[in-house]
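Chemist: Questions regarding the structure given below will be posed in turn.
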Amino acid sequence: MNICEIAKVTKTDEDKLNRLLRVATSKGIFRALDNGVYANNSQSLVLSKDDPNTFRNLILLYEEISSAAKYLAYDLKLHTDNKKEQMTAFAKAHNGIELYEWLSLPENKERLEIFNKGMVEQDNASGKGLYQDYDWSQYCNTKFVDIAGGIGGFLSQLLTSYPTMKGVLYELPKVIEMSEQSWSINHKQLLNRVQFVRGDFFINPPPPADVYFLRSILHNWPDEQAIKILKTVRSAISLTNDSSSGHEMATYFKPKLLLAERIINEQSQSSKYQMDMIMMCLCDGKVRTKSEIEKLLDKSGWKFMKITSCRGEFSVIEAFPI
């Protein structure tokens, strides 16, 4: 498309837009053709909301990340004797309001939608190895709870692949509202096998089930809150029964906790260290080592059993209640 047409469609200044596209082209985003014509390439297509591999919303989230990153130096210093009282870099940038509280404000509804869609895009990008390399078929006859699973992108994949699996999406009320709308449009055929449950994983145990799944959750929180989350999930299970779900297929299935997390080790890619910095700035979270995850489990009523590394960035940690 010619720069004149692009400027007209986007209602932008033609000269300034051309200069911006010139920079983007020099970085490998878009292709510059003759006579002021620009075309998409594989790098620019991920910016399109209509592309199946879009990163559009994930990229838009950098508004929150960059606002917090400029207070990294503040975050490194101790401003109080009580570390629990210290604001995160994100809160410093947003008048003392922490990330998840900020996203829940009515005036930030659009940012919350971008956040949830961005999480789906992240699943599509980094979750392929997780979905393909771990043996999910062992849970084909279970009741599977996806805790804080956003609008349920990963859960919908599992329910599609395993017709005898029953699913529960456990999320905050505002997210469940978006989820129900999304599933009624995109996953109508799965609605008879999914339950939408509103709750707060710091307060309300998820409903009884066979498998409790937390994906990219613990890295959002410091140790104390991570332990509290794990204890809340643990409280959903009664040890007097092998299965807590109460459905007929699970009488032989011992309830299990699954954690899908990035794990730092000596062979870690730099992207995991970068994610660790992002979590530190946004919510005082951290990307942990295997031993750090084990300590959290030990302190919250779970016994670490095994870890499975997947292609990409995720590993799956399995634990049983004790």
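Cβ from N, Cα, C; glycine included.
TrEMBL lists these features:
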{"type": "ACT_SITE", "residues": "HIS219", "note": "active site, proton acceptor"}
{"type": "DOMAIN", "residues": "82-302", "note": "domain 'O-methyltransferase C-terminal'"}
Chemist: Mean pLDDT across the domain 'O-methyltransferase C-terminal' (82-302), rounded to an integer, is what?
Modeler: 90
Chemist: Using a 10 Å radius around its CB, how many other CB atoms surround HIS219 (active site, proton acceptor)?
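Modeler: I get 21 for this one.
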Chemist: Per DSSP, the residue listed as 'active site, proton acceptor' is which: helix, strand or coil?
Modeler: helix
